[in-house]
Amino acid sequence: MTFCFDNQFLEQFPDLAKPQHPLGFGQARAVILNTSLRDELKLPYSDEQLTAIAGGQKLDPAMAPLAQKYTGHQFGHYNPYLGDGRGLLLGEWQTPAGRFDLHLKGAGPTPFSRGHDGRAVLRSCIREYLAGEALYALGIPTTRALAVTQGDLIVYREQPEPGAMLLRTAGTHIRFGHFEYCYHRGKADDLKQLISYVTDTQWPELKEQPVAAFFQRVVECTARMIALWQVYGFNHGVMNTDNMSIIGETFDFGPYAMLDRYQPDFICNHSDTTGRYRFSEQPSVGLWNLNCLAQALSPVIASDKLVASLHTYSDLLQGHYWARMTARLGLPDDIASQDIVRRWLDLLARTKQDFTLSFRRLISALSDSPGVLPAELRNHGDFPLWWQDYQTLWNGQNKNPDQLLENMRAANPLYVLRNYLAQEAIAAAENDDLKPLQRLAAVLAKPYTEQEHAEAFAAEPPEWGRHLEISCSS
C-alpha cells in the first residue's frame, strides 16, 4: 500500500458532500506545528508546506476539499440544518497503518454556514490543539491537530479577536449526525453505504460479520471513551449528537474543562443553563446519544439487535471505568477496591480537593505518611477509617511496594490541561509570544513523568483560574 489521498467520501456520498475551496489567509504564519504527528502519519510536507496547507493558501493537488452535511440533536432537540459551517474535509490520507482524515477548521463560509462567517478564532484553535494533545498523552481516544496558523484577519465574536485556522486529523469525521440526516431524509441506501464505508475504512475485521456488529462496535468505543473522560476528569461540555464521533474519538472541542477540584456536578459550559452536559451526566448522555443513533439505524438493523447492544453500554463503561480507577489507587479491580474508590471520591468532594493532584499526593502518603495530605482531607471524620481500610487492601496484595507505587505513578498524571494554563498560553500568543504555548504543549506531552522546572504546571490553580466556565463562541 502506498501513501496517498483517495477521497472516498466524496466519491461515495455526493449528496453528503459539497466541494468547497478554503478561503485562505493572505499571509499565514505558524502558531504551532505538530511535527511529530506529521512524521508519524508520514505526511510529505515541510514546515512551510504544512503552514501553507493549514492556512488555506496552497493545498496538496491530491486533496479534494469539501463540506459535509449532517444533522443532530443539540441539547436534546433535533436540528436538521447542521453541517460543516466553517470546516472542510481536505482529504483522506491512506497509510499502511490506517486511514486519517485531514480537516481544516476556520476555512471560511460553506453551503452550511447559515449566514455565519465560517471563521475560527485563535483562542479556540489553541484550545483544541492543546486538548487533543493532552488527551492523547493521557491515553484517551481523541482527534488531534497538525497545526494552528494565524493571519491578519480579525474575527468578531463577543469582541474582536484574531482569526486562525486549525488543521485537524481524525480516524474519520463521520458523526452520529451523518446517520441521523440519512434517517430523517429516508435515505436507507445511504445508511447502508455509510455503515460499509466506516466498516471498510476503520474496522475491516467486521466486514464479514452481520451489520449489527457495526452498532455494537460503536457502543463499545463510545463507552470506553466516556469511561476514560470520567477517570481523568474531562468535561466535554457540548455532547450534542453532531459532536459524537462514530469511532469513539473525543471530537469538536469547545467549552471543555479538566476538573480542578473534584466536583461531580461541575458544568464547564456557561451556556448549559440546565446542566445537561455536566461532568456527572456524561455517561447517561452517551447512552441517550446512542439511542438517537439506534433510531437512525433502525431501517437497516433489527430493533432487537439495537436494543441488545444498548443494554451492553453500562457494563462496558463500568468495566473500563473501574479497571482504571482501581489502578489509580494501586488496587485490584474487585468489589472491595471499588468501595474504597467511591469513599475516596466522596472524601475529595466533601473536602473540595484537587482531583488530579490528590492521586499523586496519595502516592506520597503511601511512601511517607498521611501527614503529607492536605489538612482538610486528613482531618475529615471519615478519613481515618478510610485510610485504615485502604492500607489493609493495598498492603494485602503481597506485591512489591515499590513496584505498586511505580504502577500508580504510571496511572496518575501530574500534569493536565487546566483552563487557566490554556488561557495564559492564549493570552501570550495573542501578543505574539509563542513560548508559553510551546512550553505548555511540551509538558502536556508527558503527563505521567515528573519534569524539571515544571512545578508551575503541577500546582493547584489560582483562585481566579479555578473551574473557569467557557463560552461556546469560537
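Residue 1 is the first one shown; counting continues down the chain.
Every residue, even glycine, has its Cβ placed from backbone N, Cα and C.
Annotation source TrEMBL lists ATP binding site at GLY83, GLY85, ARG86, LYS105, ASP117, GLY118, ARG168, ARG175, ASP252. Here GLY83 (ATP binding site) comes close to ALA67, GLN68, LYS69, TYR70, THR110, PRO111, PHE112: these same-chain residues lie at least six apart in sequence, with C-beta atoms under 8 angstroms from its C-beta. In the three-state DSSP scheme, GLY83 (ATP binding site) is classed as strand.
Feature annotation from TrEMBL assigns active site, proton acceptor to ASP242. According to DSSP, ASP242 (active site, proton acceptor) sits within a helical segment.
Annotation comment: TrEMBL describes ASN243, ASP252 as Mg(2+) binding site. Remark: ASP252 (ATP binding site) has VAL238, ASP242, ASN243 as non-local neighbours, by Cβ distance under 8 Å and separation of at least 6 in sequence.
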Completion exercise
For ARG168 (ATP binding site), the same-chain residues 6+ apart in sequence with C-beta under 8 angstroms from its C-beta are GLY87, ASP101, LEU102, HIS103, LEU104, LYS105, GLU128, GLY132, THR143, ARG144, ALA145, LEU146
Practice task
Tell me the Cβ neighbour count for ASP117 (ATP binding site), meaning other Cβ atoms within 10 Å of its Cβ, over all protein chains shown.
Solution key: 17
Handout entry: Cα-Cα distance maximum in Å, computed over every pair in GLY83, GLY85, ARG86, LYS105, ASP117, GLY118, ARG168, ARG175, ASP252 that the record assigns to ATP
Key = 23
